[in-house]
Amino acid sequence: PYEQLHHWHFTSEQNLLEAHFVLMKGLIDNAGNYRHSGVGVTNGEKIIHMAPQANRVPKLMADLLYWLNATDIHPLIASCIFHYEFEFIHPFADGNGRMGRLWQTLILNHWNSLFEFIPVESLVYKHQADYYQAINLSTQQVDCAPFIEFMLSMIRDAILESTHQATHQASHQVTHQVKQLIMALEGEMNREQLQLALGLKDRSSFRLRYLQPALEAGLIEMNHPEKPSSSLQRYRLTEKGLYLKQQ
């Protein structure tokens, strides 16, 4: 279903039901439909939460989606609140956990498309016991704060993990020459200063093998990007370049 994120809108009930159908078709009989009977959330043999009655589900979900569309709460927080309330309502006979996580990803992706590539759900899956504990704690306290805190920590860790992997991958892809340039660049330096620091005399070789690849990789940037040939042009490390330099 993650391939279809671009086709679904996070406030559309029809899209929500379509997503459940895609996720659960062939696994349950009523995929793509709200449940018609009562359900309890269990931990082993112990019922830890009785979900609202089935006849209340359509109204509760309509209210939740309306709130999601109208709220001005930051998407990071709003997505966590939606996720918790969704699990509390437990609108489907099965697949509620996966749907809640999918829909939070959809909300986050609508806010920032980078979340399409950040594996929040994979990290939650690794910490599944903590995930359900956070839901239970919020339900016991009648306060979704514990769940919000847990999910924000998962989002943070997923971002850090993705950043580390991307930078690690980038560090293996950059050439020896680009690494030399990154190590030599301190603060802001012009072309002549960089060539001197690297002990290079050939201007065209410097540009072709050092400067241009570093710019294209997003490891350095110009202080006058609108005038690339300016005599006042200086170069500095980007955040990506700084991170790579510190490795």
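Keep in mind that glycine also has a Cβ here, set from the backbone N, Cα and C atoms.
Automatic, uncurated: that is what TrEMBL annotation is.
Model, not experiment: these values are computed from the prediction.
Contacts of H90 (active site) defined by a Cβ separation under 8 A and a same-chain sequence distance of 6+ are given as R35, V39, V41, H49, A51, P52, N96, in order along the sequence. In this structure, H90 (active site) belongs to neither helix nor strand by DSSP; it is coil. The active site annotation in TrEMBL covers H90.
The ATP binding site annotation in TrEMBL covers 41-49, 94-101, 131-132. In the structure as shown, the Cβ atom of I47 (ATP binding site) sits within 10 Å of 11 other Cβ atoms.
Residues annotated as domain 'Fido' in TrEMBL: 11-153.
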I47 (ATP binding site): secondary structure state under DSSP, collapsed to three categories: strand
The domain 'Fido' (11-153) - residue tally per DSSP class, helix then strand then coil: 95 helix, 11 strand, 37 coil
Which one of these binding-site residues, G97, G100, has the sparsest Cβ neighbourhood, judged by other Cβ atoms within 10 angstroms? G97
